[in-house]
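A quick write-up on the structure given underneath.
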Amino acid sequence: LHSQNQLTPRGKFFWNTLIPDIGKFLPMKTMLGPKYDDKVPEENRFHPSMLSQYLKSLKVKMGLLVDLTNTTRFYDRNEIEKEGVKYVKLQCKGWALCFIDMCSVFLSSPTGVHCTHGFNRTGFLICAYLVEKLDWSVEAAVAAFAQARAPGIYKGDYLKELFRRYGDVEDAPPAPALPEWCFDDDDGDQDDDGNVIGQESQSGPSSSESAPGKRRKERLKFGAIFVEGVTVKGVTQVTTQPKLAEIQRKCQEFAEWEKSGFPGAQPVSMDRRNLRFLEQNPYKVSWKADGTRYMMLINGKNEVHMIDRDNSVFHIANLEFPFRKDLRVHLANTLLDGEMIIDKVNGQPVPRYLIYDIIKFNGQPVGQCDFNIRLLCIEKEIISPRMEKMKTGQIDKTKEPFSVRNKPFFDIHAARKLLEGSFTSQVSHEVDGLIFQPCGKYKAGRCDDILKWKPPSLNSVDFLTVARETLWLRDDSTELKQYDNKIIECSFNNNTWVFMRQRVDKSFPNSYDTAMAVCNSIKYPVTKENLYEFLDRCALGAQGQNRKRPSDPDTELMPPPAPKRPNRAAP
């Protein structure tokens, strides 16, 4: 492979050979769109279409283009994406770690990388990858990049930083002579986009550096998958700052979550000890779908985003949520909670979002209300206005990426009907348990009052697999080695952990507390029969209390007067 004839807004036209031993990176200067044609001689033009044509001539499919510039004015990213190339603008702090993590996902096909000039920042990141992921020495990485794209990294601060991280700063080579197109008055302590070198964070990507208290930095996961196994139109991952941080922070603030990460409420596994909660407090029940958890932030027209448990953010196009009192107005400052499920309709997969809770509605803290009121709010304020506009043809649901429905909850004594009889055949997706929801206010994070019940054989833990010869889950270790450093879900059967599936929607294993809660549910299982028996006792107890309770509650405070005795007739 070769890198391209490149053009920078203040540079000349170059042809440089790509690092020959890797063939996975295409380092380049930024492209310029047609709007710059009046300023650029025809022989020096470099449009996005030229890159596409060149790659096709080489029969090379570029999988990813990383844009390191701090502007969007040079070219239209849509020209890249329409060729099926994943485009990522990497301008967050801590970009070295971001870049390395991202390329680890996408380097099955060549990756294009450009800053403005394509030397210093581009070279720095490629060298960092070679050292950290391919075990190159820093000297070899710097020399290889310089040979492939002469003169290589030409600013001394970048070279010193590479050697400070991966070697001895005293061994850093002197900066080469400046390229002939690089003016002598260039500011030597700035990067290719004029940023002062040394201001980047060393600890990784951050979207919350201004957060108060001890809020940790957000982890940025590139190549996040929206609904495994199904392509959903109109859904794109948000990776550009500050947009990503703004969405993440707003969700956390709406949910009153003071930490980093996903702010959604997290249930715990039901065991014999917390089962008694069902008779101590009011609860509702619904089926547990084998879906993917997402919160949804609605913040105006074309500003609908979904957030997964990794706190990855996706923009959802062509999905409308009108305001009930004025259908011309779009909802804003609204945060929902729910799950994406895949229904099978006539043998075809149909994605649907089931809303089962609401935290904010048009800025109002409805999450503080009783759960029954929140369910009513979902139906009346979220679902019904959409249905009204569909009836009049103002919303064309065929153009929406997926359908939206509210998930019903029932009295807890309906649990038997949800697991047996005709119900499971009426839903078009897998039902793998029950969710018991308390009727109190919404609580972010782990919530010991929200109980999930699954058949003991399906209780599972999400593990991070580590490939060591001395530690494997079962005999088929050869097959499991492909999941090294991946999150896998395992159930516990016959006194051993059994692999179920890889969790591509999660980057972290269950916490120790969560894993122990699952282990308790395995050690002290609540079988279907145990659950039914307990709920039947609760129902009998409630009926007994109702029989003893006077019809008029005021009579408990002041009993009625005794009936008057009839007057006896005078003798």
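Using the three backbone atoms N, Cα and C, a Cβ is placed for every residue, glycine included.
TrEMBL entries are annotated by machine, without manual review.
These figures come from a predicted structure and were not determined experimentally.
TrEMBL lists 113-160 with the feature domain 'Tyrosine specific protein phosphatases'. Feature annotation from TrEMBL assigns active site, phosphocysteine intermediate to C115. Sequence annotations record features per position, and here TrEMBL assigns region 'Disordered' to 189-216, 543-571. Taken from TrEMBL, the feature compositional bias 'Low complexity' applies to 198-211. Among the features that TrEMBL reports, active site, N6-GMP-lysine intermediate is placed at K288. Sequence annotations record features per position, and here TrEMBL assigns GTP binding site to R293, R309, D337, G338, E339, K452, W453, K454, R501, Q502, R503, V504, D505, K506.
Structure with TrEMBL features highlighted.
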| residue | record | contacts (Cβ under 8 Å, 6+ apart) |
| --- | --- | --- |
| K288 | active site, N6-GMP-lysine intermediate | V431, D432, G433, L434, I435, K452, W453, K454 |
| D337 | GTP binding site | G264, A265, M295, M296, I355, Y356, D357, I358, I359, Y442 |
| E339 | GTP binding site | A289, G291, T292, R293, Y294, Y353, L354, Y356, K407 |
| R501 | GTP binding site | I488, E489 |
Whole-Å Cα distance, the residue listed as 'active site, phosphocysteine intermediate' to R503 (GTP binding site), is 34
Using a 10 Å radius on the Cβ of W453 (GTP binding site), the other Cβ atoms enclosed count 26
In all the protein chains shown, the tally of other Cβ atoms within 10 Å of the Cβ of R503 (GTP binding site) is 21
Fewest C-beta neighbours within 10 angstroms among the recorded positions C115, R293 belongs to R293
